[in-house]
Amino acid sequence: MDSRLHAPMYDFLVNLSLLDTAYISSTGPQVLEHLLAAVWTVPYRACLPQIFFLHFLAPWECFLLTAMAYDRYAAIGRPPHHLVLMGRGRTRAGMASTSRLLALADAFAHTVLAAPLRFCGPRLITHFSCGLPPLTRLSCSSTWATELALFVFSFVVALAPRAPVAIACVRVVAAILRIHSAEGRRKAFSTCGAHTTVVCIFYIASVLCYILPSSACSGLRDRVLSVLYVVLTPMLNPVIYSMRNKEVKRALFKALGKESAS
């Protein structure tokens, strides 16, 4: 509704907001149900859809954060070429489609590998969702293929995108240091610093949770790390990208009929 938000960055934020809403919706309602219900049970057939959506949405967010980091680098490090690099709808659509296809392949592989797992002993999941790490620890069947897939896909999905993100962050910092205005440097550092913080929390927590073998992980650490990237990151994203963004706040006030003068 606001022409000032017709920019590549806000296309990515639309995808991020929808993704975060779906992400927390795949675990949050079940957690609330189990907190209020007398019996904390879930059939295994209900675990498989949750595994699929967790392994679809988390990789999608990894790739989306990588695209957003490149967009910030192009906007700050190469402003004259920003619209040329990111302004074309075909470029953004291609990046979004590629990220979704890679995430879909990850989710499909993990769901197929999780379906035949058998459980002979205790079936108490020391977790708040049906994640693969706690399920592999309970399974009495061979889990080497599942753990190998977790390791490989965690490397491809989480570690590989960190390289372009790190390069983009270094180039953004170098470009910011070349800004002569102290106020301009402060604003640029404020925006990029917040984005970098969220990216680090999401990547580090998800990598530590999925790339380590199940024998090396404790239930408590798994739960803490999962809260960081499943709950904390979707909670921080609206604060960082919307509530601290003057353009978004102006558009909101305009839509509400209260045009802000700031």
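Here the Cβ of each residue, glycine as well, is placed from N, Cα and C on the backbone.
Among the ranges 39-63, 189-213, the one that TrEMBL lists as transmembrane segment is 189-213. Mean pLDDT of the predicted structure over the domain 'G-protein coupled receptors family 1 profile' (1-241): 77.
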